[in-house]
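> Can you read through this structure? Questions will come right after.
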Amino acid sequence: MKKSRSVMAVTADDNLKDYFECSLSKSYSSSSYTLGIDLWRGRRCCSGNLQLPPLSQRQSERARTPEGDGISRPTTLPLTTLPSIAITTVSQECFDVENGPSPGRSPLDPQASSSSGLVLHAAFPGHSQRRESFLYRSDSDYDLSPKAMSRNSSLPSEQHGDDLIVTPFAQVLASLRIVRNNFTLLTNLHGAPNKRSPAASQAPVTRVSLQEESYQKLAMETLEELDWCLDQLETIQTYRSVSEMASNKFKRMLNRELTHLSEMSRSGNQVSEYISNTFLDKQNDVEIPSPTQKDREKKKKQQLMTQISGVKKLMHSSSLNNTSISRFGVNTENEDHLAKELEDLNKWGLNIFNVAGYSHNRPLTCIMYAIFQERDLLKTFKISSDTFVTYMMTLEDHYHSDVAYHNSLHAADVAQSTHVLLSTPALDAVFTDLEILAAIFAAAIHDVDHPGVSNQFLINTNSELALMYNDESVLENHHLAVGFKLLQEEHCDIFQNLTKKQRQTLRKMVIDMVLATDMSKHMSLLADLKTMVETKKVTSSGVLLLDNYTDRIQVLRNMVHCADLSNPTKSLELYRQWTDRIMEEFFQQGDKERERGMEISPMCDKHTASVEKSQVGFIDYIVHPLWETWADLVQPDAQDILDTLEDNRNWYQSMIPQSPSPPLDERSRDCQGLMEKFQFELTLEEEDSEGPEKEGEGPNYFSSTKTLCVIDPENRDSLEETDIDIATEDKSLIDT
């Protein structure tokens, strides 16, 4: 399968200059500091190199301790509008999804036209301001180590104005760009224009144009910048990928956010534990089952695992023929109503619940048949309608109707969402038909035979599946095994007319995409995509080539992952129905854990779970950062999705019940526990030693007034500042 090669090019403004100053916006008070999160806001005076914070500021940030931390924690962060992608194709060059780009031109060939491919345009100034995710906050507010792995700020990209760069590897590249630019200024060297000198044709800056003081200052800053880069590179573990630097940074930042959330209230602690246990890939303690449970499991282990569990006999006729296939692939007495619903097949937010109601609860078969007809995939890959419907009905039968959320309704919703994301204008003509087939098929099978419990539950109970897959992505591996095994059933092989090479490639892609739906891999997926996009933003070549399997599957994996986490981006009516279903499934798992005498998983206890708060946390820490990154890739096509997401988040925030104040003694205990959880010590600086003493105080006492951030336990977004007078005994004549 061949298709025109697609590239993503970053185009620079014709008026970009080679060097520009940077300014830092930090929230300081004249007499007091505010405790919170800082956010670097560099503004370009003129473009040409990636703007970074001054080295002196970065070095002081790296070495600082939480004492006297003069930083502010904004409750809302202004949205930096993201670049768009315009798509064209390169007719003279072909991309083979199995083999990569056609020979004859290097992907990094500077003669390659930047106007042909995926072009990252500058941001549109008219876009409304929107909250940014926690990824754009400082990651070192309370970092005591002077060897922080990443910058303490977010950085604007070189050719995209205020697009902030947050991934460590892209920040190192940006810093090296500044070093190179400063070197040309200091040495007055001017070579022929090349991909690293986009502004080489500008008037040269001569050595004498810099005063001696400015020259020495620039030389010292350049040396310090280079030292910073070396310091970062020396700490990189050679067996780690550069995107793992971003993954570790994001995990560290999320852990800090969750720590804050857990300290606010009991319900916040439960939400924090749920997000941490579900979306962070870490080794959890395995709960040892009771002896009676061991006896039950022992009987299961005695069965030979020679077959894939979950595969059952057909519950429908396998003798379908083309003449018996209905218009929508399913029998229905409500064809007109179903046709009306399917008019939204290509729209974000199709009501899949109505489709299920009009299709005799066959939403997956109906949606998949409609998508394959819409995309002409049946004809392209020579799939007979009867074989396709037979397989889809067999697949749908292997979704459990008694599971509240992870059933065929969810699979149909993810498949339709993937179909819409593949059709986004920014990605038009980017993916081959085989890749499209693989993505939609992966979405359809990604939760087949889901038992309605989590991977950790299966591991803790020593289930047969956990033993078979060695506790690694247990359910995701099982979904793949069942999905592919069903192709071997009678009249079910929808890929029988693919070539051997196509089948192998499709299988590899589907496996990669379904394994990516393991929520514990979320941070790695997010970091991979963000690193890829930001790295190409800061490189002078400005070209993101989707000409190899790794880059292309990375986009597809994140696409299916986005579709899997798309409920909060749909209309509030649909979102609330999905929320009710997932909470019902969680509570059913909690009941099973209670019956077994196990510790109940976070958000699975129907007596204590805070549904509204869990959805706000889910959006803030998981869904928003993911869709924000996806919007970076397909700007401006995802703006409406982000708007809906923010509206839904605000609605759930408004629905959080206001808890009454606890008794005084209980509040005292909570405060004591909160203080014990703090991982840093707050030290306030001494007031001017010549200041007036308070009446009744001796010379060994001083008064210090500082501004602290007081956070509402039920609403972190509302902050108020309170002046606190603290009397402290001065035991030293030296300022602390």
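Cβ atoms are placed via backbone N, Cα and C, with glycine included.
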> So which of Ser106, Ser197, Ser290 shows up as phosphoserine in Swiss-Prot?
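Candidates were Ser106, Ser197, Ser290; Swiss-Prot attaches phosphoserine to Ser290.
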> Out of His410, His522, His607, which is the one Swiss-Prot records at the Zn(2+) 1 site of His446, Asp447, Asp564?
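Only hit among His410, His522, His607 in Swiss-Prot's Zn(2+) 1 site, alongside His446, Asp447, Asp564: His410.
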> Which candidate in Ser102, Ser661 appears in Swiss-Prot with the annotation phosphoserine?
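Candidates were Ser102, Ser661; Swiss-Prot attaches phosphoserine to Ser661.
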> CB neighbours of His406 (active site, proton donor) within 10 A?
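Result for His406 (active site, proton donor): 23 neighbouring Cβ atoms inside 10 Å.
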> Name the secondary structure element type, per DSSP in three states, that contains His406 (active site, proton donor).
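DSSP call for His406 (active site, proton donor): coil, neither helix nor strand.
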